[in-house]
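Q: So that we are looking at the same thing, I have put the structure below in C-alpha cells.
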Amino acid sequence: MTLERDAAANTAKVLSEALPYIRRYVGKTLVIKYGGNAMESEELKTGFARDIVLMKAVGINPVVVHGGGPQIGDLLKRLSIESHFVDGMRVTDAATMDVVEMVLGGQVNKSIVNLINRHGGSAIGLTGKDAGLIRAKKLTVTRQTPEMTQPEIIDIGHVGEVVGINTELLNLLVKGNFIPVIAPIGVGENGESYNINADLVAGKVAEALKAEKLMLLTNIAGLMDKSGTVLTGLSTQQVDDLIADGTIYGGMLPKIRCALEAVQGGVGSSLIIDGRVPNAILLEIFTDTGVGTLISNRKRP
C-alpha cells in the first residue's frame, strides 16, 4: 500500500509542478521536429503521440514536422536506387524524388497521423504541396578549393530551400482543434517538388507562426561543450561564440544554425532535446528543470 501511496504522491507532485507551465503555454504554438530514435522505437513512438495529444488537450497548439531519412534510404535500397550525398544532403534526382514523396508524404506521415489519432487526437497530414503550404526553390550548393578561381556549382537535383509558409492554412487547422503533421516536401513556382531538410522546415514554420518554442528532437542529450558537459541554456550570442571557436561543428552545425535563426526570427526559444528519453517533450515544457539545451535571449522560466 505504501508503494501505491508513494506512486500517487509522485503523480500529484508532477501535476502540481506542471500547472504553472500549462497556464504559461495555453494558447501558444509549439513546433516540434520529430525524427531520429524517437521515430524508431515503438515505445517512444507511442509516448510521442500521447504527449502531443496531451499538449492539445490542455490548450497548447502543437505543430509537428517530421523527417524520414532512414525510411527513404531503406526503400531506395529495396528499389536498387543508389544514394549519394553532398555535404550531408541527399542528391535527389527525379526517381529519388518520387521515393521521397512516397515515403515522407505517404508511409511516414500517415503512420504518425494514425498514431496520434489512435490516442485521441485529431491530426491531419500535410505536405508542402497542400495549399502551397511550403513554397520552395532549388537549393544552390557551391564548393571552392584554394586552387579554384571560381566556386564550383554542384547540382544536387530536387533539393530545395524554403521561400514561404502558408500560415493561413496552419492557423485555420489549429483554430479548428486539429494537429498539423507536416512532411518536409516543398513546391516550386511551377509545381515541381523539392526535398527539404526537416529541421529547416520546422524552423521556418516556427518563424512564420511566431511560435513560442521550436523543439528539435535529436539522438543526443543536448548541445555539449568541449569537455562533454551539456549546456542547458545559451543566448544567441553565446551560440555564435561556440560556432566561432569550433565547439559546434560538423553535422550538429546545420541543426544549431536552424535553432539560432528561429530565435533571431522571432521564435521565443529553440530547444535541442534528446528524443531517446521517454516523454522528453513534457519534461521540457512541464517541469522546473527542463531537459536538453535551450537557446533564447530570455531566461529559462
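Every residue, even glycine, has its Cβ placed from backbone N, Cα and C.
As annotated in Swiss-Prot:
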type    : residues                    : note
BINDING : Gly68, Gly69, Arg90, Asn195 : substrate binding site
SITE    : Lys33                       : site 'Transition state stabilizer'
SITE    : Lys255                      : site 'Transition state stabilizer'
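I'd like these features described in context: how deep, what's nearby, how far apart.
A: Counting only same-chain residues at least 6 apart in sequence, those with a Cβ under 8 Å from the Cβ of Arg90 (substrate binding site) are Gly69, Ile72, Ser83, His84, Thr96, Val100, Ile156, Val159, Asn195.
In the three-state DSSP assignment, the secondary structure recorded for Lys33 (site 'Transition state stabilizer') is strand. Long-range Cβ proximity for Lys33 (site 'Transition state stabilizer'), meaning a same-chain Cβ under 8 A and a gap of 6 or more residues, is found for Val65, His66, Gly67, Ala198, Asp199, Ala202, Leu214, Met215, Leu216, Leu217.
Of all Cβ atoms in the protein chains displayed, 21 besides its own lie within 10 Å of the Cβ of Lys255 (site 'Transition state stabilizer'). Under the DSSP three-state reduction, Lys255 (site 'Transition state stabilizer') is assigned to helix.
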Q: Suppose the substrate site is Gly68, Gly69, Arg90, Asn195. Which further residues of the same chain have a Cβ inside 8 angstroms of that site's Cβ centroid?
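A: The answer, listed by sequence position, is Gly67, Ile72, Gly73, Thr92, Val100, Val103, Leu104, Ala198.
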Q: Among Gly68, Gly69, Arg90, Asn195, listed as contacts of substrate, what is the widest Cα spread in Å, to the nearest whole number?
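A: Roughly 12 Å, rounded to the nearest whole number.
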Q: How many Å separate the Cα atoms of Lys255 (site 'Transition state stabilizer') and Gly68 (substrate binding site)?
A: 16
Q: Look at the binding-site residues Gly68, Gly69 and tell me which residue has the greatest number of other C-beta atoms within 10 angstroms of its C-beta.
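A: Within the set of binding-site residues, the most crowded position is Gly68.
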